[in-house]
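**Q** Annotations for this protein, taken from TrEMBL, read as follows:
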- 44-153: domain 'Phosphoribosyltransferase' (DOMAIN)
- GLU116, ASP117, ILE118, VAL119, THR120, THR121, GLY122, LEU123, SER124: 5-phospho-alpha-D-ribose 1-diphosphate binding site (BINDING)
- THR120, ARG148: orotate binding site (BINDING)
Amino acid sequence: MNTDEVLGVFREAGAVLEGHFILTSGLRSPVFLQKARVFMHADKTERLCKALAEKIRAAVSGRIDYVVGPAIGGLIPAYETSRHLGVPAIWVEREGGEFRLRRFEIARGSRVVIVEDIVTTGLSIRETIDCLRALGAEVVAAACIIDRSAGKTDVGVPLIALAEYEVPAYPADRLPPELAAIPPVKPGSRNI
Ligand SMILES: O=P(O)(O)OC[C@H]1O[C@H](OP(=O)(O)OP(=O)(O)O)[C@H](O)[C@@H]1O
Ligand SMILES: O=C(O)c1cc(=O)[nH]c(=O)[nH]1
Ligand SMILES: [Mg+2]
């Protein structure tokens, strides 16, 4: 799938929101990709994640033991992508604000691929990598449906994006006036 097709799926699902959004990194943006409105549709999710699984297979040589999804946004795409890769899906979730693998045990040396929904700064992927490496896992790659940094983010492992879509994001103290005029909302689950 190319970027236009991926964005077409998001638009069709009403998942491209406009307003004033507080992102998980604290940055502010006039656009928010509400992936949940895509993932509520199994057919759309299957199409995206099958294509992402094919990109992962082409990019990663050697075995993949687990796909790991960072909750909440990564849960559904990680599960669906793992189905196409034929490997189990597990997830990290926040405990006291930090990602933990609370429900699973993995052997040291496990080769894992992280599957995220959206990447903006890569912060959430880097936190997931820290958690997995502390458990002795080898993070062979990270993947996402849409990379809002359009390839500029460095997460320290290869990042495989189904689509790259550059969207403006601003520090809170450097908002353009048209954005400052709109009351902000924070759709994500960090800190709630
Ligand atoms: O690359 P980053 O700057 O980290 O931004 C992307 C992250 O933001 C969202 O998660 P969020 O913490 O908002 O919560 P969610 O997973 O519940 O949507 C999204 O699911 C990614 O995990
Ligand atoms: O950076 C984020 O927090 C973010 C951006 C976006 O478009 N969608 C999302 O779920 N999170
Ligand atoms: Mg998330």
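Including glycine, each Cβ sits where the backbone N, Cα and C put it.
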**Q** Between the Cα atoms of GLY122 (5-phospho-alpha-D-ribose 1-diphosphate binding site) and ARG148 (orotate binding site), what distance do you get, rounded to the nearest Å?
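**A** Distance between the two Cα atoms comes out at 10 Å.
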**Q** List the other residues in this chain whose Cβ sits within 8 Å of the Cβ centroid of the 5-phospho-alpha-D-ribose 1-diphosphate site residues GLU116, ASP117, ILE118, VAL119, THR120, THR121, GLY122, LEU123, SER124, in sequence order.
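**A** Once GLU116, ASP117, ILE118, VAL119, THR120, THR121, GLY122, LEU123, SER124 are set aside, the remaining close residues are THR24, SER25, ILE125, CYS144, ARG148, THR153.
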**Q** Counting only residues 6+ apart in the same chain, whose Cβ is under 8 Å from the Cβ of ILE118 (5-phospho-alpha-D-ribose 1-diphosphate binding site)?
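**A** Expected: LEU33, LYS35, GLY73, CYS144, ILE145, ILE146, ASP147, ARG148.
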**Q** Run through the Cβ atoms and count how many others sit within 10 Å of the one on SER124 (5-phospho-alpha-D-ribose 1-diphosphate binding site).
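**A** Neighbour count, Cβ to Cβ under the 10 Å cut-off: 26.
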**Q** Reduced to three states, what secondary structure does DSSP give GLY122 (5-phospho-alpha-D-ribose 1-diphosphate binding site)?
**A** coil
**Q** Under 8 Å Cβ to Cβ from THR120 (5-phospho-alpha-D-ribose 1-diphosphate binding site), same chain, six or more residues apart: give me those in sequence order, or none if nothing qualifies.
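**A** In sequence order, LEU23, THR24, SER25, LEU27, SER29, ARG148, SER149, THR153, ALA169 meet the Cβ cut-off.
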